[in-house]
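**Q** The structure's right below; bear with me while I get my questions together.
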Amino acid sequence: MNKPCLFCEIAAGRMEADVLHQDDHVVAFRDIHPQTPTHVLVIPRKHITSMLDIEPVDAELLGHMHVTARDLAKRLGIAESGYRSVFNCGRDGGQTVWHIHLHLLGGRSMGWPPWPGN
Ligand code: 5GP
Ligand code: ZN
């Protein structure tokens, strides 16, 4: 049997997570290894393996993920100071979980561009 997808399990409530928001289409929860004082993952309930697999029909869902991230940024007090939203894709993009997720990062100043090692 294939190993169940970690983020599908969190979305279904079968695996524990610090959930901050959920609705019919997305779930948002705190990253287990936060890289910034505020680090939240916004995932679609629909299993999509990578950003390479998104389809035109997913456009509204992806927009909803960004609106959710913006609302959470306001709620968590990082909207004024600023935040970063990131989708990592594939090996060089640093993707390690194969169910798309938006990283909402904030609470400290971040460098740009992402030099090697950052
Ligand atoms: P990626 O590297 O694929 O862009 O991001 C995956 C993220 O998922 C990482 O930041 C990692 O810390 C987080 N993560 C991995 N496993 C778990 C888990 O079981 N629970 C939570 N809350 N986050 C996880
Ligand atoms: Zn999944």
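Every residue, even glycine, has its Cβ placed from backbone N, Cα and C.
Just so you know, TrEMBL annotations are computer predictions that nobody has curated.
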**Q** According to TrEMBL, which of these ranges is motif 'Histidine triad motif': 29-33, 74-78, 99-103?
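**A** That would be 99-103, the stretch labelled motif 'Histidine triad motif' in TrEMBL.
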**Q** Please work out the number of neighbouring Cβ atoms within 10 Å of the Cβ of H101 (active site, tele-AMP-histidine intermediate), leaving out its own Cβ.
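**A** For H101 (active site, tele-AMP-histidine intermediate), the 10 Å Cβ neighbour count is 23.
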**Q** Work out the three-state DSSP category of H101 (active site, tele-AMP-histidine intermediate).
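**A** Reduced to three states, the DSSP call for H101 (active site, tele-AMP-histidine intermediate) is coil.
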**Q** Which residue counts does DSSP give the domain 'HIT' (6-115) for helix, strand and coil?
**A** 33 helix, 25 strand, 52 coil
